[in-house]
Amino acid sequence: MTTGPWMHTLVSRLYPLCRSITGDGVRQTLAIVGEHLPLTVHEVPTGTPVLDWTVPQEWNIRDAYVADASGRRVIDFRESNLHVVGYSVPVATRLPLAELREHLHTLPDQPALVPYRTSYYAPTWGFCLAQSTLDSLPDGEYEVCVDSTLADGSLTYAEHVVPGQVEDEVIVSAHVCHPSLANDNLAGIAVAVGLALSLENPYYTYRFVFAPGTIGAITWLARNAQRIDRVRHGIVLACAGDRGSLTYKRSRRGDAPIDQVMEYVLRDRPHEIREFTPYGYDERQYCSPGFDLGVGSLTRTPYAGYPEYHTSGDNPDLVSPESMVDTLEVLREAVAVLDRDRRYVNLSPYGEPQLGRRGLYDSLGGRSDAHDAQLAMLWVLNLADGQHSLLDTARRAGLPFTSVAAAADALLAAGLLKDAP
Amino acid sequence: MTTGPWMHTLVSRLYPLCRSITGDGVRQTLAIVGEHLPLTVHEVPTGTPVLDWTVPQEWNIRDAYVADASGRRVIDFRESNLHVVGYSVPVATRLPLAELREHLHTLPDQPALVPYRTSYYAPTWGFCLAQSTLDSLPDGEYEVCVDSTLADGSLTYAEHVVPGQVEDEVIVSAHVCHPSLANDNLAGIAVAVGLALSLENPYYTYRFVFAPGTIGAITWLARNAQRIDRVRHGIVLACAGDRGSLTYKRSRRGDAPIDQVMEYVLRDRPHEIREFTPYGYDERQYCSPGFDLGVGSLTRTPYAGYPEYHTSGDNPDLVSPESMVDTLEVLREAVAVLDRDRRYVNLSPYGEPQLGRRGLYDSLGGRSDAHDAQLAMLWVLNLADGQHSLLDTARRAGLPFTSVAAAADALLAAGLLKDAP
Amino acid sequence: MTTGPWMHTLVSRLYPLCRSITGDGVRQTLAIVGEHLPLTVHEVPTGTPVLDWTVPQEWNIRDAYVADASGRRVIDFRESNLHVVGYSVPVATRLPLAELREHLHTLPDQPALVPYRTSYYAPTWGFCLAQSTLDSLPDGEYEVCVDSTLADGSLTYAEHVVPGQVEDEVIVSAHVCHPSLANDNLAGIAVAVGLALSLENPYYTYRFVFAPGTIGAITWLARNAQRIDRVRHGIVLACAGDRGSLTYKRSRRGDAPIDQVMEYVLRDRPHEIREFTPYGYDERQYCSPGFDLGVGSLTRTPYAGYPEYHTSGDNPDLVSPESMVDTLEVLREAVAVLDRDRRYVNLSPYGEPQLGRRGLYDSLGGRSDAHDAQLAMLWVLNLADGQHSLLDTARRAGLPFTSVAAAADALLAAGLLKDAP
């Protein structure tokens with residue numbers, strides 16, 4: 001199967017699972033991802049302090065419904081896990097509709113869609129349903145059942161590492177806590193898997209983090225605080241499969257290398273660059289001021305930017321194989337630039353070195369149509385002062401990064417460059 | 001009386017007085033201002049060295065006129081003090097019109113208006129009149145009288161101080177040396193009084209300086225040189241009442257906090273921002289390179305920008321109560337921002353602190369309509385690195401300063417912030 | 001003869017000489033230049049190491065042709081030295097047209113023009129001709145003769161120095177290696193001569209370098225490496241006479257003083273400012289990262305920017321006296337600014353000094369039409385903090401540089417300024 005259909009199949013397979021920030025849905029998700037990538041799965045016990053937070057109790061759910069007087073399920077977890085507010089406490093009771101309403105969530109402006117709601121840190125229960133369904137419910141008493149458990153257990157996250165030539169790391173982070181929502185974030189998971197599978201002997205070590213949003217990233221950061229300075233670049237992947245064009249949200253730093261690389265690889269595609277905001281996905285944590293990592297976020301239509309966002313409309317039909325392939329392709333281009341970008345020092349910085357003597361320059365002079373390859377060498381030599389990266393050089397020269405990188409390779413082979421200190 | 005009419009009444013009451021850089025007109029002006037505000041009046045003796053200057057002799061005038069052969073006053077100080085060149089030396093003589101003309105100043109392009117002229121540092125005398133009046137004077141001999149005195153005395157200026165929570169100061173400076181010119185600068189004086197009366201327990205100490213232009217500001221600077229580093233911000237108020245829109249002229253630094261604050265509070269009104277120039281009002285002195293204070297200048301139509309500028313056309317009708325209220329309102333907004341703007345350090349900078357646990361965050365997740373208050377808290381936490389001010393945060397977040405300040409208050413109360421060192 | 005025709009006559013006189021990077025054509029060129037300017041001519045022996053290069057063998061040529069079976073010269077060096085590839089090795093042979101073609105260079109898209117080609121560092125021979133001539137050659141055998149010598153000798157370059165008040169130098173560099181090409185670079189040579197003749201007691205020492213391109217500049221840099229820190233500013237002059245408008249190419253630094261000065265003097269003329277590229281003329285060498293001198297390049301139509309570039313179309317008709325005069329005028333304006341630009345420190349920086357007392361300020365106040373001269377003095381005083389140059393002041397004030405310089409002169413005379421350290 002080619003990459004696009006393969007990623008879409010993965011999205012569809014993960015779709016029915018009831019994920020949350022803890023519990024078996026996350027484990028099942030990671031088990032399926034683990035069929036494609038070797039994963040190291042971490043279980044962090046309830047109560048573990050992580051930065052300013054504490055790992056919460058584990059939530060699992062077997063069934064949930066609201067049934068009418070006749071016993072018919074009018075809201076049914078088995079139809080869609082979105083029907084239950086995430087982390088709902090167990091309940092078995094009968095209530096008149098008026099009281100039940102206080103536990104029901106709808107989208108009056110999108111009456112056919114079921115919203116996605118959670119209540120991780122305030123113990124309550126609730127159901128989500130279409131406004132049209134609510135409108136059709138007659139008064140009367142209803143049976144309410146949430147067959148869930150909230151108990152000490154653990155928070156589950158996983159890593160996949162592709163070793164690089166250096167220990168410096170690039171992290172690719174995708175949240176795995178949303179239940180039946182396809183674009184947010186099963187598409188991000190699928191594209192991350194596709195990227196991991198495409199890496200061959202990279203320069204940097206690439207670490208893929210599949211963790212629940214917020215608390216998962218916080219847990220990962222807490223457990224990796226001592227080695228966080230290895231993280232040189234990173235990207236948070238979300239909403240990677242809808243049919244909109246790509247959006248890159250800069251890191252808090254605004255001009256980190258990842259920001260420059262993403263802007264560069266997106267330059268010839270329809271795209272939007274957004275400034276950092278401390279709202280959105282787990283870039284919130286990676287870019288908190290104490291860490292301030294060079295981590296941006298790549299999405300197609302961004303956070304909360306499409307009408308199906310956080311509703312039952314975010315199903316596998318919203319995600320297209322072609323869009324996921326496009327997201328993956330941009331990431332692969334970004335990896336190619338990130339991995340090859342380097343700063344050099346010209347070892348013959350006084351005047352131009354004689355390239356012709358080294359076979360690097362046309363012997364016939366006078367022509368005004370200098371080849372790109374020669375121009376690229378002159379640019380690399382001129383800017384190889386330890387300050388300018390190859391990407392800086394490509395942008396300033398208006399030459400493709402690949403030409404500039406090839407020029408640097410030729411000059412390295414000729415002994416004219418060394419790595420910048 | 002409401003603020004607008006009250007300020008306009010003050011302008012009208014001050015209008016007839018014959019002010020100059022010294023003399024009883026200044027004292028009478030300060031006495032009237034002192035009916036509204038407690039003032040400390042300073043008298044600096046003639047001959048006192050002040051920076052590169054020396055306090056000049058004091059000038060006072062009782063009467064002045066040019067009379068024709070019949071004894072009729074054709075130019076009369078009693079009609080308008082603008083008719084006499086400021087600091088005219090005493091004279092009592094008879095002259096033919098041809099010789100008299102050398103002492104007469106008109107505006108040929110504005111034939112109905114009387115110009116404002118002074119000669120502080122070159123001893124001479126002169127009269128100002130409408131070109132149309134001059135054109136109507138028949139040849140012949142005229143009697144000339146200037147009943148003035150130039151004698152050792154003092155230069156007078158006054159201060160009003162509103163003590164703040166800190167000794168760091170904001171100075172508000174208005175020149176008080178112009179005779180019957182309403183917008184320049186009785187409106188500035190009236191708005192300064194209005195601002196002083198509106199201050200209640202401010203953070204900064206606010207010092208209002210009512211002093212003659214140039215020599216007065218120089219005298220104030222000379223006498224306060226040892227404590228000038230207390231002056232953190234300042235604004236020169238002039239032309240505060242005409243019907244044009246507001247103009248802010250930046251300090252010499254160009255991006256001092258006062259510049260940022262004024263640009264921020266003006267953003268939603270018709271306004272113009274001008275770069276600093278070493279010409280205009282007393283910002284020339286405060287922004288001389290040795291002091292280089294963060295002092296900008298707020299006017300409506302700026303210096304020399306309206307046809308009535310420095311003419312008899314600048315009378316109380318040129319000034320509107322509504323315009324003075326608008327100027328005052330902008331200043332009050334600026335004070336509110338200046339006084340609350342601060343830099344903080346996030347005490348929980350690694351990841352986001354758990355706001356929900358502290359009652360600062362909605363417990364129901366999944367919704368995409370984050371409240372401004374929550375957004376503001378996230379922004380403050382993210383930028384509380386000791387480098388960004390609350391105003392920086394408000395501008396970057398696109399949130400109202402008041403929301404950002406309220407967020408900082410909530411975070412301070414929760415123990416999540418401390419003052420930046 | 002006025003300057004324009006005089007410069008054009010010099011171009012026409014130099015045009016027929018067969019210049020290359022070494023040889024008698026360069027010596028004859030410098031001898032003619034030397035009739036106008038005293039030159040120090042340097043001969044650097046073949047084999048001398050210069051930076052990464054080595055001075056090559058000297059090339060001289062007496063005759064060269066391709067003759068048909070009847071003995072008629074179908075390509076003749078005596079008609080134009082462009083017909084022979086520069087540095088062609090000697091050859092005397094007979095070849096069929098098919099084999100001869102491998103040594104022939106044409107411009108198929110400009111069939112009437114003869115291209116300019118060289119092969120300095122790869123030993124070969126070749127002829128350049130119009131495509132139309134080539135098309136007219138019948139098959140058959142041709143006699144080929146290149147009567148040249150490549151032998152140990154020397155590389156020739158020359159300097160003309162106009163001593164300044166300081167030892168800091170401005171270099172003006174023009175390449176002298178192109179054969180019969182008028183705009184590139186006989187016009188540059190002529191304008192450089194015109195500029196040298198116009199200098200009278202300059203502030204900086206002006207050093208004019210007439211050297212072959214690339215290897216000549218490299219040789220000059222190699223021999224002056226120990227004193228290169230005297231070079232404060234510089235300009236490479238090329239293509240100085242075509243009818244296009246002026247183009248200034250910034251130094252590698254991008255904002256060196258020469259860049260600021262050239263942009264300033266060009267501001268009111270049609271012109272283009274280009275960013276630095278490591279391709280073009282000898283700015284490539286002066287701006288190599290080890291030297292990184294403040295050297296820009298002034299041309300009219302830039303490098304490779306006109307259809308006659310490096311072809312027989314670049315003849316004296318392409319060059320106009322008026323254009324050369326215009327280039328010269330801009331250079332003279334640039335020299336005037338460069339030579340007068342200085343940073344000062346205000347000796348009375350607290351408040352404005354009392355200019356009136358020193359006779360520098362109008363005594364009659366109240367008028368809003370301050371004279372430019374007074375404004376210029378206020379600006380100079382305000383920005384004389386040791387950081388801002390007079391050019392900075394002129395640009396920020398929007399006043400002519402000459403007014404600002406005159407103000408600085410007056411303030412210096414009044415003892416109000418000193419040189420910045």
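Glycine is treated like the rest: Cβ placed from N, Cα and C.
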Please state which member of A:His36, A:His42, A:His83, A:His310 TrEMBL lists alongside A:His178, A:Asp184 for binding Zn(2+).
A:His310
For A:His178 (Zn(2+) binding site), the number of neighbouring Cβ atoms whose distance to its own Cβ is within 10 Å equals 27
Note: in the chain of A:Asp184 (Zn(2+) binding site), residues six or more apart in sequence with C-beta under 8 angstroms of its C-beta are A:His178, A:Ala238, A:Cys239, A:Tyr309, A:His310, A:Asp314
Do you know the DSSP helix, strand and coil residue counts for the domain 'DUF2172' (A:58-149)?
16 helix, 37 strand, 39 coil
Are there binding-site residues in A:His178, A:Asp184, A:His310 whose CB lies under 8 Å from a CB of chain B, and which ones?
A:His310
On the three-state reduction of DSSP, what should I expect for A:His310 (Zn(2+) binding site)?
coil
DSSP tally for the domain 'UCP01524 winged helix-turn-helix' (A:343-418), helix/strand/coil in that order, comes to 36 helix, 12 strand, 28 coil
Among all protein chains shown, how many Cβ atoms are found within 10 Å of the Cβ of A:His310 (Zn(2+) binding site), not counting that one?
23
